[in-house]
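Among the features that TrEMBL reports, domain 'MYST-type HAT' is placed at 13-334. The active site, proton donor/acceptor annotation in TrEMBL covers E198. TrEMBL lists 240-251 with the feature compositional bias 'Basic residues'. The compositional bias 'Basic and acidic residues' annotation in TrEMBL covers 328-338. What TrEMBL lists as compositional bias 'Acidic residues' is 339-350.
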Amino acid sequence: MAPDNASSHTKLPVNRNVKHVVLGDLLFKTWYQSIYPDDLVSKDTDRLYVCRWCFRYSCDVDAYAQHTRACQHRTTPPGTKVYHHGGYAVWEVDGDDHKLYGQNLSLFAKLFLDHKSVFFDVASFLYYLLTFTDPNDPENYYILGFFSKEKLSWDANNLACILIFPPYQHKQLGKLLMGVSYKLSAWEKDGGLIGGPEKPLSEMGQKSYNRFWEERIARYLLLRGSEAADTENSSQQKQKPPKGSKKKHHHEVMTVQQIGLATGMLTEDVITALKGMGVAEPTTPSKKRKANQEAGDGETVMIRKSNVLEWAKAHRVALQDPVRDEGFLGRWAPRDTPEIEESGTDEDDE
Ligand SMILES: [Zn+2]
């Protein structure tokens, strides 16, 4: 894949048809060429005005102003709210129900995405919009970015394409959307599948995902480990542990596959993350391990909790997941919340 050098964007492609966009009251540079129709957007457009609620576009500032006064989505996005926590919300928009919306969003997104030829078959995609509403200004919402997902993915991809709009980048919002995409793959439930983002990833996408996966695994290992350590500590006070058992308190031996099952991550992504963190050590070969490998149980790794903790501290990882379970709504809501579900329709849609 062509590296998109996205961390700096100092070398912008010269042949961009649109040089700048105005989104609401924000003006910013584009990064790549999009596929706006030639008759509406000329080859050399300096400023394209884009509606911040529905992504309709115009080169004419008056037409744009007129539209924004009447935009049908100025108070709410289309689709269904699936997540809401702390002013941030995620809305699911079915591309089949909102074709023009999906097309306009895709055209806009392409200005900042290099590697995806993508997504103009909007009917077969779901779009998840990330919005923010200031509690002091509840009538006003902002779309900060989105991810798309193929309705039917043979590779169980939980995400096709993700973009946080440039003015809102570097605020950890990508991780929020990635976390939501894992939750919506429903890997914890019957009928859900373990998956990951569509590959190959761009250079920037790979970087972002590496960090997201590392934090996801760190949280899992540390939160899981702390429960175990608490019970161990309390029992230690009562009786001295037998010699040789001390080691067990400092590291745990797990297979890559076990970590994947617990976090909803593909084995290959678990391996990438553990390597990146530098916390996995190969276990000393033993008869048991050999038997495991022959049985196809996957690579066994040894992880020292202290190393994970050190990594988490060095990288300032908050133990609290930014995606809150209690933030999910409707059929994604935690199970103890009463909900009305249309029986059987969910699986038929997949
Ligand atoms: Zn609009």
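Cβ coordinates are placed from backbone N, Cα and C, and glycine is handled just like the others.
For the residue listed as 'active site, proton donor/acceptor', the same-chain residues 6+ apart in sequence whose C-beta sits under 8 angstroms from its C-beta are E150, S153, D155, N157, L159, A160, C161. E198 (active site, proton donor/acceptor) falls within neither a helix nor a strand when secondary structure is assigned with DSSP, and so counts as coil.
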